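Okay, structure first, notes after.
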Amino acid sequence: MVVREYNEEMKYIERLSPNSFLIKKGFQSNMNVEGIFYANSRLEKLMFDELRNACRPGMTGGFLPGVKQIANVAALPGIVGRSVGLPDIHSGYGFAIGNMAAFDMSDPTSIVSPGGVGFDINCGVRLLRTNLFEKDVQPVKEQLAQSLFDHIPVGVGSKGIIPMNAHDLEEALEMGMDWSLREGYVWAEDKEHCEEYGRMLNADPSKVSLRAKKRGLPQLGTLGAGNHYAEIQVVEEIYDKYAASKMGIEELGQICVMIHSGSRGFGHQVATDALVEMEKAMKRDKIETNDRQLACARINSPEGQNYLKAMSAAANFAWVNRSSMTFLTRQAFAKQFNTTPDDLDMHVIYDVSHNVAKMEEHMVNGRPKQLLVHRKGSTRAFPPHHPLIPVDYQLTGQPVLVGGSMGTCSFVLTGTETGMVETFGSTCHGAGRSLSRAKSRRNLDYKDVLRDLEEKGISIRVASPKLVQEEAPDSYKDVRDVVQTCHDVGISNKAIKLRPIAVIKG
């Protein structure tokens, strides 16, 4: 690994625009393409401070700085375009979280890397709208928060309440939301408003280890811990009236529910299993990477194909999981307001993944190419008229759901043509950490965090209060900076801002 002083490092980084920076070849060894990252003045300071700290003598351990990780990904075989760092980027395993990279499927050397998807495969966000307003919910907010907390199993070891045996799990892994529909947990229209219609067709449960299945079986329909949550939110601002109305959001004060969850221990095990296999494949195929954490396999190798099939099964698990929680959320609201979910107009606006690798067609040097697009902490953001987005959103572009940190605002964005060209149809996914979990535990007190939420008028139900400081707003970048940066560089447009009034957490 190249070790240089900070001033030397900065010679390889060039400002392209007020909010974008080019990472030139040579910043890390063997770069096949350049890197780029997007950041406004506040976010760029975090990026460069991280790099400066890493240049100090004796600084070892932990993950590499985000800029280095972007450059190491740029050195992977078969990468096309640029290795992209989005404004919410922070260091992660192999790839930074908030890193997008696309690989040419016609190139026999191209790879797939579990580190480019993440351990929580198809961690993603679903947004439901309602016909309720803040004035309807405010008087019963505490009861409603409790009702949600009672209905949705949360926390690290939480067990699901959706009846599930081993045979059901096999079917769910293969069918995704089609299983949820057959079993009566979702409405038929929910699938239409879901990335991939809630089902990755190349899923193959036989490529998933027994251990992963054992971990996943009791966890279906559970929220999990970490940064996962269910939030009752209020529409606070509408930036794009036309796009909002297409999503069924007509007025300020309207109530929505956001569910942020993934594939739980199941996806984690799939990733862990794949990394072991890929280390062997790298030796056999003589694949060299700059960082051991970037374990990978040729896309067309048995290990590469097995991982993609198992990853797709984990993605289906996550969609079934969010669908089960949608069912439980609808039940909780219906019970509280003594009516039906239908009468409350509890429709799914959209469901997006922000940890996945997918085969997509994109233009590269003016020609269409099949690419394997890795999005880790990055959301698909396809433009208007794209064939893969629902009929309802053909004129607006795909909705993009960006969850803020706990107690801060969330946003709905829409995809753009610029994003299609610049980032292969990708944008940010959230606020992005500015403090590691360990630092958050050392520097913040969970009681202060809970008090702060109460002062903001946010009801909170949390399974593990002592984990709360890891997710405190002070542990994260400001999601407003992240979303505005994406808007300013044109890779997504702001449509709606949502403010939380109740949070359910693991």
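Keep in mind that glycine also has a Cβ here, set from the backbone N, Cα and C atoms.
Lifted from Swiss-Prot, the feature list:
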BINDING   D120, C123, H228  Mn(2+) 1 binding site
BINDING   C123, H260, H354  Mn(2+) 2 binding site
BINDING   227-231, 354-355, 403-406, S410, 429-432, K505  GMP binding site
ACT_SITE  H429  active site, GMP-histidine intermediate
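Structural mapping of features recorded in Swiss-Prot.
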residue : record                : DSSP (3 states)
D120    : Mn(2+) 1 binding site : coil
N227    : GMP binding site      : coil
H260    : Mn(2+) 2 binding site : strand
H354    : Mn(2+) 2 binding site : coil
H429    : GMP binding site      : coil
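C123 (Mn(2+) 1 binding site) sits 13 Å from A230 (GMP binding site), taking the C-alpha atoms as the reference points. All chains included, 28 other C-beta atoms sit within 10 angstroms of the C-beta of C123 (Mn(2+) 1 binding site).
A Cα-Cα distance of 10 Å separates H228 (Mn(2+) 1 binding site) from S405 (GMP binding site).
Annotation for H354 (Mn(2+) 2 binding site): same-chain Cβ neighbours under 8 Å, separated by at least 6 residues, are C123, G124, V125, R375, K376, G377, S378, T379, H429, G430. When the alpha carbons of D120 (Mn(2+) 1 binding site) and S405 (GMP binding site) are compared, the span between them is 18 angstrom. Same-chain residues that are not part of C123, H260, H354 yet have a Cβ within 8 Å of the Cβ center of the Mn(2+) 2 site turn out to be D120, N122, G124, V125, N227, H228, S261, G262, S353, N355, G403, H429, G430.
Put simply, H260 (Mn(2+) 2 binding site) is 8 Å from N227 (GMP binding site) when counted between their Cα atoms. Rounded to a whole number, the C-alpha distance linking A230 (GMP binding site) with H260 (Mn(2+) 2 binding site) is 6 angstrom. Between the C-alpha atoms of N355 (GMP binding site) and H260 (Mn(2+) 2 binding site), the distance comes to 12 Å.
Rounded to a whole number, the C-alpha distance linking S405 (GMP binding site) with H260 (Mn(2+) 2 binding site) is 11 angstrom. With respect to their backbone Cα atoms, H260 (Mn(2+) 2 binding site) and G432 (GMP binding site) stand 14 Å from each other.
When Cβ neighbours within 10 Å are tallied across all protein chains shown, the highest count among the binding-site residues N355, S405 belongs to N355. Taking the Cβ of N227 (GMP binding site) as centre and 10 Å as the limit, one finds 23 other Cβ atoms among all the protein chains shown. S405 (GMP binding site) falls outside any helix or strand according to DSSP and counts as coil.
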